[in-house]
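*Asks:* Straight out of Swiss-Prot:
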- Ser198, Ser199, Gly200, Thr201, Thr202, Lys206, Gln340, Gly341, Thr345, Asp429, Arg444, Lys535: ATP binding site (BINDING)
- Tyr248, Ser252, Ala318, Gln340, Gly341, Thr345, Met353, Lys446, Lys450: (E)-4-coumaroyl-AMP binding site (BINDING)
- Lys269, Lys452, Gly453: CoA binding site (BINDING)
- 271-340: region 'SBD1' (REGION)
- 341-408: region 'SBD2' (REGION)
Amino acid sequence: MAAAVAIEEQKKDIIFRSKLPDIYIPKNLPLHSYCFENISKFSSRPCLINGATDEIFTYADVELISRRVGSGLSKLGIKQGDTIMILLPNSPEFVFAFLGASFIGSISTMANPFFTSTEVIKQAKASNAKLIITQGCYVDKVKDYACENGVKIISIDTTTTADDAANILHFSELTGADENEMPKVEISPDGVVALPYSSGTTGLPKGVMLTHKGLVTSVAQQVDGENPNLYMHSDDVLLCVLPLFHIYSLNSVLLCGLRAGSGILIMQKFEIVPFLELIQKYKVTIGPFVPPIVLAIAKSTVVDNYDLSSVRTVMSGAAPLGKELEDAVRAKFPNAKLGQGYGMTEAGPVLAMCLAFAKEPFDIKSGACGTVVRNAEMKIVDPETGSSLPRNHPGEICIRGDQIMKGYLNDPEATARTIDKEGWLHTGDIGYIDDDDELFIVDRLKELIKYKGFQVAPAELEALLLTHPCISDAAVVPMKDEAAGEVPVAFVVKSNGHNITEDEIKQFISKQVIFYKRINRVFFVEAIPKAPSGKILRKDLRARLAAAALPTN
């Protein structure tokens, strides 16, 4: 009998929860209503600040313009459940378009404006976008497709030629609409509001259906409650330099900032000097970054010329941040708490958040990427058996809660592979939870290098490589090897004005790791390919290895 009980106990999931208590979340509210629920407290305060022009929109302005855009979209035939594509860099118009679509129950699919025409059109087709909002310089990418398929194009600025202008509407067509004529719609909490595209744990990009309830839950998990996990308030200024077409910026910067009544300083793209100037000029208090930005700050020689003392929070996400890089950037922001979050588009996206960011903060460890968010459950499972694992045992990270995606658009098979029958979303990331409930990411399940059966985590080697002063960036991927199966190889970007050889790099790593983690080859490159989120595009590097032998110098 005792043996049977023991076996039954083993079958039970070991579930981890936040140190913070669960809170009430108004899941019945549409996303826009939730974001503007407390607007009466800060309607006249700055909401959006355009870093390029210094133009300021108050909360009252943003809410009104978004309603007008919703009305304008409706006049152009966009109905509840229809999808619009936002093909824009960071800009106030991006925000107005997204919120305007939400007001009328429509869906926004966000695309990287630097995509090729083929990539943009593929997403437009897959999402069945009825209208594309873009800039004049990107119109040529979609013009022919739009004409052939009856898709309307709206440009936020002038178009490139008179011929284009005749067929393309200006954004003022939306902002000039009467907000009182916006249709009244009943929006279901399970209605889709955002459709970002993600490759998930494997395969081609797929539309991730994020609902009103899901995004409301995710934002609330971060910024709501008496002791918010991510403390923001109406005196804060958030620097929105990460692209809004990526869910990290859309959720944890824009939507969280709106809910908290903070000022959101919009920067179109990251350049170190304008970035530092804006922080100093607007006294930025919260900096949501990704590792490439953190790396640029840590390595920059001009940072010390600027007053960054206003920054109280530096949050990094989208990819793991090593302890050495954490320590380096701490020195640049004397008054800031530095910590990490962990997310995945399909998870809504935030799974874990650093508790040093809480209103009543907790002590944290370097290298940890937070504790599971409140109102959610996390477990770690053995990738081979699916059995849940106890603390300090690495396995695949799984999350369950109302914040996760509804599923992949028109792809029930991929949805079923990602979300199991019990509602657990399988991330494809390998990590463990320690004795203090902190989550540590080891690596991506599919990125682990197998050396004679030993697992080698690329992120670990990359963090070591970045500690060398002659290396400005690095990525590690597997290379096929007859004897070992796979061996680690490094792609390295040399720091300006520095020189280093392949042998020097190999020796530098060999002194710090066990034999099977040693770097086998080093390839020097001009840049490491990365997604807008900051994640290394390892498949591109693996493809280069497969295509041809690369010179080492």
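The backbone N, Cα and C atoms fix where each Cβ goes, and this holds for glycine too.
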*Asks:* Where does the mean pLDDT land for the region 'SBD2' (341-408)?
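*Replies:* Within the region 'SBD2' (341-408), the model's average pLDDT equals 96.
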*Asks:* List nothing but the one residue from Lys269, Lys450 whose Cβ has the fewest other Cβ atoms within 10 Å; the candidates are the binding-site residues.
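*Replies:* Fewest other Cβ atoms within 10 Å, among the binding-site residues Lys269, Lys450, is found for Lys269.
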*Asks:* Round to the nearest Å and give the CA-to-CA distance linking Thr345 (ATP binding site) with Tyr248 ((E)-4-coumaroyl-AMP binding site).
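*Replies:* Roughly 8 Å, rounded to the nearest whole number.
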*Asks:* Sort out the sequence-distant neighbours of Met353 ((E)-4-coumaroyl-AMP binding site) for me: same chain, 6+ apart, CB within less than 8 Å of its CB, listed by position.
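*Replies:* The list for Met353 ((E)-4-coumaroyl-AMP binding site) reads Gln221, Gln222, Asn229, Leu230, Gly341, Tyr342, Gly370, Thr371, Val373, given in order along the sequence.
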*Asks:* With DSSP, how much of the region 'SBD2' (341-408) is helix, how much strand and how much coil, in residues?
*Replies:* 6 helix, 23 strand, 39 coil
*Asks:* Give the distance between the Cα atoms of Gln340 (ATP binding site) and Lys269 (CoA binding site), rounded to the nearest whole Å.
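*Replies:* Their Cα atoms are separated by 21 Å.
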*Asks:* Under 8 Å between C-beta atoms and at least six apart in sequence, can you list the same-chain neighbours of Lys452 (CoA binding site), or say none if there are none?
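*Replies:* Listed in sequence order, they are Ala483, Ala484, Gly485, Tyr516.
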*Asks:* How many of the residues that make up the region 'SBD1' (271-340) does DSSP mark as helix, as strand and as coil?
*Replies:* 31 helix, 12 strand, 27 coil
*Asks:* Near the Cβ of Tyr248 ((E)-4-coumaroyl-AMP binding site), how many other Cβ atoms are there if near means within 10 Å?
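*Replies:* Its Cβ shell of radius 10 Å holds 24 other Cβ atoms.
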*Asks:* Between the Cα atoms of Tyr248 ((E)-4-coumaroyl-AMP binding site) and Ser198 (ATP binding site), find the distance and write it as a whole number of Å.
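*Replies:* Here the two Cα atoms are 12 Å apart.
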*Asks:* So if I measure Cβ to Cβ from Ser198 (ATP binding site) and keep only same-chain residues at least 6 apart in sequence, which ones fall under 8 Å?
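*Replies:* Listed in sequence order: Pro205, Lys206, Val208, Met344, Thr345, Glu346.
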*Asks:* Using a 10 Å cut-off, grab the number of neighbouring Cβ atoms around the Cβ of Gly341 ((E)-4-coumaroyl-AMP binding site), all chains included.
*Replies:* 25
